[in-house]
Amino acid sequence: MSKLIYGLAGPTASGKTSLSILLAKKINAEIISVDSSLVYKGMDIGTAKPTLQEQDGIKHHLIDIIEPTGNFSVADFISSVNKLKKEIWARGREVLLVGGTMLYFKGLIEGLSALPESQAEIREALEYQKKAKGLQYLHQQLNEIDPQSAQKINPNDQQRIFRALEVIMISGKKYSELVKTSKVGGLDEDLKLCALVPNDRSILHKNIESRFRQMLDQGFLDEVQNLHKNPMLTKETTAIRSVGYRQAWEYLDGDISYDEFVKKGIVATRQLAKRQLTWIRNWQSSINIVAMENETKELDILKYFGYK
């Protein structure tokens with residue numbers, strides 16, 4: 001009989017962290033973080049990274065594993081999960097996936113498109129073109145070759161622009177066509193996924209604003225200031241494009257006022273939550289939806305997982 005993998009998804013500020021600790025204790029699990037921002041070292045406050053005290057003795061994985069200058073793709077995530085699950089099971093524990101990066105969950109559920117691997121020389125050529133003519137030029141080039149892909153990719157998203165152009169240069173085919181081909185990877189096991197959603201969206205919005213202001217009190221700007229000193233980082237770096245960090249960077253660059261930074265940071269976080277909830281709605285026929293306000297949510301999730 002195939003092993004089961006358990007999952008808890010939800011929008012930012014929905015209470016995933018504290019609930020996941022309770023669940024992990026009940027089912028004897030280790031937690032694998034499903035969060036594209038928690039992988040970065042030195043980005044603790046703005047990502048609401050669980051402290052050792054908050055982890056409460058539960059082993060966590062895929063937290064603080066790379067520098068902010070690096071990238072951690074969906075493929076990297078899937079590969080890591082497939083390696084970690086075996087190690088966790090060998091220790092006699094269950095696997096509990098927890099987070100809000102829905103592209104990571106999507107990769108586990110659906111697998112990845114069979115795209116060619118990255119080639120260093122092509123990346124270097126694209127980097128040279130970007131320095132010479134700018135990222136907007138590369139996005140324009142993509143639009144001329146593959147308008148369908150260009151339309152879906154933000155003109156400031158260097159990682160995805162580079163990847164789309166790289167795939168086109170290697171394969172000679174449109175990126176938008178290749179991503180529709182057969183999928184590879186993902187999980188071999190069944191994923192029992194629960195998702196927290198708010199009955200009242202205004203409660204989630206209040207949680208988001210409250211947590212953002214709490215982060216400021218905890219020294220979030222000092223954290224970003226420390227990152228800002230690194231000449232290898234810009235506001236277009238994948239890590240710095242994380243919600244809150246991008247807006248703080250603009251403030252430190254002098255592009256916006258402090259009040260604008262706070263307002264934009266809160267709005268951007270609410271927009272992130274809206275996108276996360278859209279993903280969850282699209283999956284609602286195959287996952288278990290639990291109201292974040294529900295006082296019996298822990299018991300309801302345990303029952304869905306098959307525990308009493």
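The backbone N, Cα and C atoms fix where each Cβ goes, glycine too.
Annotated features in Swiss-Prot:
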- Gly10, Pro11, Thr12, Ala13, Ser14, Gly15, Lys16, Thr17: ATP binding site (BINDING)
- Thr12, Ala13, Ser14, Gly15, Lys16, Thr17: substrate binding site (BINDING)
- 35-38: region 'Interaction with substrate tRNA' (REGION)
- Thr101: site 'Interaction with substrate tRNA' (SITE)
- Arg123: site 'Interaction with substrate tRNA' (SITE)
- 159-163: region 'Interaction with substrate tRNA' (REGION)
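Positions of Swiss-Prot features highlighted on the structure.
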residue	record	Cβ neighbours (10 Å)
Gly10	ATP binding site	26
Pro11	ATP binding site	28
Thr12	ATP binding site	23
Ala13	ATP binding site	25
Ser14	ATP binding site	24
Gly15	ATP binding site	15
Lys16	ATP binding site	24
Thr17	ATP binding site	20
Thr101	site 'Interaction with substrate tRNA'	21
Arg123	site 'Interaction with substrate tRNA'	14
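Taking H, G and I as helix, E and B as strand and the rest as coil, DSSP gives the region 'Interaction with substrate tRNA' (159-163) the counts 5 helix, 0 strand, 0 coil. Geometry remark: Pro11 (ATP binding site) versus Thr101 (site 'Interaction with substrate tRNA'), CA distance 9 Å. The ATP site, placed at the center of the C-beta atoms of Gly10, Pro11, Thr12, Ala13, Ser14, Gly15, Lys16, Thr17, has further neighbours from the same chain whose C-beta lies within 8 angstroms: Gly100, Leu196, Asn207, Met292.
Within the chain, the region 'Interaction with substrate tRNA' (35-38) has long-range Cβ neighbours (under 8 A, six or more residues past its boundaries) at 46-47, 49, 62-64, 72, 77, 99-101, 103-104, 239, 242-243. Cβ atoms within 8 Å of the centroid of the Cβ atoms of Thr12, Ala13, Ser14, Gly15, Lys16, Thr17 (the substrate site) belong to the same-chain residues Gly10, Pro11, Ala48, Gly100, Leu196, Asn207, Met292, site residues excluded.
Under the DSSP three-state reduction, Ala13 (ATP binding site) is assigned to coil, being neither helix nor strand. Confidence across the region 'Interaction with substrate tRNA' (35-38), taken as the mean pLDDT and rounded to a whole number, stands at 98. When secondary structure is read from DSSP and collapsed to three states, Arg123 (site 'Interaction with substrate tRNA') falls in the helix class. Shown for the region 'Interaction with substrate tRNA' (35-38): DSSP residue counts in helix, strand and coil, namely 0 helix, 0 strand, 4 coil.
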